[in-house]
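Undergrad: According to TrEMBL, the protein carries these features:
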REPEAT    254-288  repeat 'PPR'
REPEAT    289-323  repeat 'PPR'
REPEAT    324-358  repeat 'PPR'
REPEAT    463-497  repeat 'PPR'
REPEAT    498-532  repeat 'PPR'
REPEAT    568-602  repeat 'PPR'
REPEAT    603-637  repeat 'PPR'
REPEAT    638-672  repeat 'PPR'
REPEAT    673-707  repeat 'PPR'
REPEAT    743-777  repeat 'PPR'
REPEAT    778-812  repeat 'PPR'
REPEAT    813-847  repeat 'PPR'
Amino acid sequence: MIILNRYGSRCRWKLASFGYSTYFSEFGRSCTSFVDRVGGETLKSVGGIGPRVDDVRQVLVSAPWGPAVEKGLSVLDDKPEQDLIIGVLRGLNDANLAVNYFRWAEKKTDRGLCPEAYNSLLMVMARTKRFDFLEQILGEMSEVGFGPSNTVSVALVVSCVRLRMLKEAFDIVQMMRKFKFRPTFTAYTTLIGALSEVGECDLMLTLFRQMQELGYEVSVHLFTTLIRCCAREGQVDAALSLLEEMRSTSLNADTVLYNVCIDCFGKVGNLDMAWKFFYEMKVHGLVPDDVTYTSMIGVLCKANKLEEAVEMFEQMELKRKVPCAFAYNTMIMGYGSAGKFEEAYTLLERLRAKGCIPSVIAYNCILTCLGKKRRLEEALRIFEDMKKDVMPNLTSYNILLDMLCRAGDVEAALKLRDSMVECGLYLNVKTVNIMIDRLCKAQKLNEAYSIFEGMDHKICTPDAVTFCSLIDGLGKQGRVDDAYRLYEQMLDSDHIPSAIAYTSLIKNFFKAGRKEDGHKIYKEMIQSGSPPDLMLLNTYMDCVFKAGEIEKGRDLFHEIKARGLVPDVRSYSILIHGLVMAGFAHETYDLFYAMKDQGCILDTRAYNAVIDGFCKSGKVNKAYQLLEEMKSKGCHPSVVTYGSCIHGLAKIDRLDEAYMLFEEAKYSGIELNVVIYSSLIDGFGKVGRIDEAYLIMEELMQKGLTPNVYTWNCLLDGLVKAEEISEALVCFQSMKDMKCAPGLVTYGIIINGLCRVKKFNKAFVFWQEMHKQGLKANSILYTTMISGLAKAGNVVEANKLFERFKAEGGKPDSATYNAMIEGLSNANGAEEAYKLFEEARLKGATIHTKTCVVLLDSLQKAEFLEKAAIVGAVLREIAKSQHVGRFSEDKWF
């Protein structure tokens, strides 16, 4: 609907020529009786309009908008006057109803509605914070040629600011600009002030530039607000640029601006800049006030320049008769943060000596610092001393409750809570959240949950933080079902779970081995419209890789990019580590350079993941270079870094280099673990450098470390390969003496070693011991033992093992068949040996020449001539295939 069509050409010309005031005259003097203010003012009755307004309102609220309501309005007044329409709109508190009435009245009025009617409608939107039709109404006003009044312009912005709907307020200002309206100075400054509180520097600067474009005169105060926000958010260049711009406009910085600059630049760590402003204000003839000195004292304390802070404090106090409480509190906090509590207590006494009672803030400063240092007993003593001077406030109690809950002293915390209530201070949600969060972290879940259940929802209602703390605490303790029930309760309470709550649920479900439930939580989050953040996606990807879902892990990495997020160094580290553990270490190289091309600054974890991948993919030289790069960039290698490099070098027999890294790590103060010692023992053992392997094992135990099964296996394997079986048996016994239970691999090494030196019966003793320990042999071990017993002539036991092996589903290989055939043949078991010979041929096993010869001799001795002939034929075929000279048939028959 275009309102312009309702006006004649004469009216349009007047609007353009004479503006807003001329338009009023077109509708008579009755409109001027309404005040252009926020809709709280009472409508003035003109000619009995007041009672008629009440009648219209009664019709409007009698039923939902529809034909019946429209008919009722027409019965009352089919051609309502402008003042009646305005009066009705001013009293409505439903934006949709106001728009419907506005449109109805618009149809009934020949000349269209006046600016005051439009402004009254906009005021309804401002009061109800409903802006669905705002752009449409502003567009219509723009076409007709008038805009919202100053009062309405401010009200629209202020209504959003009060509800912290700052983005919506910004959009309203931009909407007014879109239709060529001029938002008021107050609308701009109100919104800029609200945005400064939440650090929205870019939006503030946009509004500031618009004010300049519109010709508004900007003050030092406005520059100060902008500079404070930019400096506080770390946008130092923007803050300095604004400062220079202010000076170029002939505005002189005042003490307030200098104080803001000193405080803000100091707090972001730019101490030199803070000093510059401090001296500069003196040069410009400004005298530093209490705020200036106190800000500098705070900045110096934060920068650990305590001596300079004390010097400035004493300089400030030198000529003062009345102490500055703010400065004292700042200095007390500085002493406390530095752990110099005696000096802090001395300042309290100085205040008393000057006739001032220390404030609750002074005591809270000390309590805060004691809390950070975990000095509970001292904090309790100060708390009791505090009561002699001032009444502790809610902050005081919160600090102590925090400390008591961290220490796990639930009884004392509850007692303090009760005493707080007795003093007239009631628990707020912040206090409850502190107690629940700290108790969860102290693993006092039942106590935390009881506090949650005991909350009086009329006085203190749990918020999203309350639920999230408990969900995370329960999940970490493995109580994932309880955590999920609480999550459902949170949804029922109309609280929106944060990304932290979803992250906790996903992580803890995966940790409990319930990956399907973890996937379900992620799906629920997406369906609810809550976008995952980078931390959640990183955590989810890590869980997925650890659960062995490699392709799903890859997909999640791509999803990070698809959602418009930029993978960080942790994202790449998780991806690389996951792929390396899954056997895709060869992909490390490309991912490493992709991470560098993106500009990621590698931390220790990232370097470790990449170095481990290079080592496992055979790029040990590249890993070595990365280790050096890591050190050159000031990123300290950890035990994991050295462990990966040492293991990689030892694996390819570069043992001297591995040992040099081992010594370097010790020299650097790295606490080496059993894994690194085991890697070296394994490496030296495999190349026969047994003495060095022994020395490393001795050093390991001298360091107070306990060798694990893998460590012993590495040493035993080296001894067996060097055929030092007796020494291996001594080590095996030492292993058991140190309460380290041998595993299947351990027994396999010993049995194999004994068989290698033909101590088959001794090997069988270890075999029996192994089975008594409940360890089940694998096919390799079965083959070793069967072959050994058969070669030793213990055919009965060998055959038992052979049959048992097959009964357990084992598949004998060629070596097992050959050993059994030879053993049975040598033990006069020609017939049984021949059966195995046929079975082996049927299953495709390779029969050795020696086996055929032994079997043939056995069959001839037992006079199984037909079978001997078959074996002879096989033997001839083997001879042909091996290009062996033919033997005379007479020799065999």
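One is the number of the first residue shown, and numbering goes on along the chain from there.
Using N, Cα and C of the backbone, Cβ positions are placed for all residues, glycine too.
TrEMBL labels come from automatic prediction, so no person has curated them.
Have a look at these and tell me how they're positioned relative to everything else.
TA: Among residues of the same chain six or more beyond the repeat 'PPR' (254-288), those with a C-beta under 8 A of the stretch's C-beta atoms are 220-221, 223-224, 227-228, 231-232, 234, 236, 239, 243, 295-296, 298-300, 302-303, 305.
Per-residue pLDDT, averaged along the repeat 'PPR' (289-323), amounts to 84 for this model.
Outside the repeat 'PPR' (498-532) by six or more residues, the chain places 464, 467-468, 471-472, 475-476, 478, 480, 483-484, 487, 490, 539-540, 543-544, 546-547, 549, 563 with a CB less than 8 A from a CB of the stretch.
Note on the repeat 'PPR' (568-602): residues 534, 537-538, 541-542, 544-546, 548, 550, 553-554, 557, 560, 608-610, 612-614, 616-617, 619, 622, 630, 633, 635 of its chain, located 6 or more positions outside it, place their CB under 8 angstroms from a CB of the stretch.
Packing against the repeat 'PPR' (603-637) from elsewhere in the chain are residues 569-570, 572-574, 576-577, 579-580, 585-589, 591-592, 595, 644-645, 647-649, 651-652, 654, 657, 665, 668, 670: each is 6 or more residues past its ends and has a CB under 8 Å from a CB in it.
Each residue of the repeat 'PPR' (638-672) gets a DSSP state, and the totals for helix, strand and coil are 26 helix, 0 strand, 9 coil.
Below 8 angstroms of C-beta separation, residues 639, 642-643, 646-647, 649-651, 653, 655, 658-659, 662, 665, 714-715, 717-719, 721-722, 724, 735, 738, 740 of the same chain, each at least six residues beyond the ends of the repeat 'PPR' (673-707), sit close to that stretch.
Packing against the repeat 'PPR' (743-777) from elsewhere in the chain are residues 709, 712-713, 716-717, 719-720, 723, 725, 728-729, 732, 735, 784-785, 787-789, 791-792, 794, 797: each is 6 or more residues past its ends and has a CB under 8 Å from a CB in it.
Below 8 angstroms of C-beta separation, residues 744, 747-748, 751-752, 754-755, 758, 760-761, 763-764, 767, 819-820, 822-824, 826-827, 829, 832, 845 of the same chain, each at least six residues beyond the ends of the repeat 'PPR' (778-812), sit close to that stretch.
Across the repeat 'PPR' (813-847), DSSP helix (H, G, I), strand (E, B) and coil residues number 26 helix, 0 strand, 9 coil.
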Undergrad: State the non-local partners of the repeat 'PPR' (324-358) in its own chain: residues 6+ outside its ends, Cβ under 8 Å from one of its Cβ atoms.
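TA: Same-chain contacts beyond the flanks: 290-291, 293-294, 297-298, 300-301, 304, 306, 309-310, 313, 316-317, 365-366, 368-370, 372-373, 375, 378, 389-390.
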Undergrad: Sort the residues of the repeat 'PPR' (463-497) into helix, strand and coil with DSSP and give the three counts.
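TA: In the repeat 'PPR' (463-497), the DSSP-based counts are 26 helix, 0 strand, 9 coil.
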